[in-house]
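As recorded in Swiss-Prot, the features of this protein are as follows:
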- 36-153: domain 'MTTase N-terminal' (DOMAIN)
- 45, 82, 116: [4Fe-4S] cluster 1 binding site (BINDING)
- 176-415: domain 'Radical SAM core' (DOMAIN)
- 190, 194, 197: [4Fe-4S] cluster 2 binding site (BINDING)
- 416-479: domain 'TRAM' (DOMAIN)
- 428-450: region 'Disordered' (REGION)
């Protein structure tokens, strides 16, 4: 179906889609006057990458701060933290200790801590590292200009780790495209409270952005040349975006499937991805979107965590291994060749060898293409942190190595099977491996390197895969006029 322009969206409809308000065409804004330098160190997930980009946008617009990759020349240095992995707090304080020297000689450098560790630790960060000027959570990054001004005027450290729901999205500047692919956050937080996870405590309960607000951001990015949209959320397929007169009591709600259908009609958007999902929220509506929307990438990341029902219950995941496989079967009925990746936690408290073998059986049955897998890391304040854990670390590491080796071997076989096929690739830029070549990603998230004209950057091209490498593919453009 032909693309829908921004101005046409007031009348565009998807299957069961609401009538939408006219969306503004993005116009280039005047560049801010540069009044200083900003350095941001980002740890963790894609949500943090998105948040860091928004911090940069906010401070460029309000304070005239320009990004630098050298903290020593920065006027403001920020670390955007992640609390998922073990010893996250200690890593943050180690980073801060290295930055303390930036204030030597009385240089008025602002040092700030954001992200999930900031939410967890709050005032404790300033007590332990009194040279820290700002502590702010994921929901208050939009208040950075006010926090910086308050710090400079009062001379006191500022801490704001509140949860003002979706307010931050209302106070962010217009998005700026940094390439042909862009992330768009559509919701915040998680309400699942898995026993091992800190996210509900650091990012709050699930809150969805209004439906039309998301479409406005996507349309603005498309007008700037973005061709691939990555929809983000801690539990992205729980999205319920309000739309209607005032998005109030009488509002209706769009789920992720409807959002995808509608985004697919925006002119210029040629590919849609989303992450991260929860199996409990993997609805028939989403399966139908995979069936009906060709722009929806032939790839799904769906964290299962374990294959043992006993361990899944202890994790409070809310589904069984059989129920997970049932969802995959439904999806493969409409997308038989879809690539599926997942998350695994090995060595969860009480995991026996039999439990682990059930995880390996699930991996064999599903045929995962990629995985993000780790040994269980105890997170203070979570229910699982109180569980007895008597499995030796050497056993856990051996299990993890076996799991990763199995999935890596299967992924290699998939890559090899792609040799001789034609893959649709979004050209992202010059290859890091060889600047004379171009690089992009296939639908199943494999880097593809190939010779080509730099003018193709930002376009989709059909690439004939000629070789499978350990972590990438090589190929050549199938036709000279294949860009579209």
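Glycine is no exception: its Cβ is also placed from the backbone N, Cα and C atoms.
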Surrounding residues of the region 'Disordered' (428-450) on its own chain - C-beta under 8 Å, 6+ positions past either end:
179-181, 271, 297-299, 339, 341, 369-370, 414-415, 418, 456-457, 461, 463, 465, 471-477
On a simple 10 Å Cβ count over all chains shown, which one of the binding-site residues 45, 116 is most densely packed?
116
Helix, strand or coil: which one is residue 194 ([4Fe-4S] cluster 2 binding site) in, per DSSP?
coil
Taking 10 A as the limit, how many CB atoms besides its own sit near the CB of residue 197 ([4Fe-4S] cluster 2 binding site)?
22
Taking 8 Å from the centroid of the Cβ atoms of 45, 82, 116 as the cut-off, which other residues in that chain fall inside it around the [4Fe-4S] cluster 1 site?
43, 44, 47, 48, 81, 83, 84, 115, 202
Might you list, by sequence position, any residue in that chain lying six or more from residue 190 ([4Fe-4S] cluster 2 binding site) with a Cβ less than 8 Å away from its Cβ?
197, 199, 200, 203, 205, 206, 234, 235, 238, 278
Tally of residues which DSSP labels helix, strand or coil - the region 'Disordered' (428-450):
0 helix, 12 strand, 11 coil
List, in sequence order, the same-chain residues at least six positions removed whose CB sits under 8 Å from that of residue 194 ([4Fe-4S] cluster 2 binding site)?
305, 315, 316, 317
Within 8 Å of the Cβ centroid of the [4Fe-4S] cluster 2 site residues 190, 194, 197, which other residues of the same chain have their Cβ?
192, 193, 196, 198, 199, 200, 234, 235
Taking the Cβ of residue 82 ([4Fe-4S] cluster 1 binding site) as the centre, count every other Cβ atom within 10 Å, in any protein chain shown.
19
Helix, strand or coil by DSSP: which one applies to residue 116 ([4Fe-4S] cluster 1 binding site)?
helix
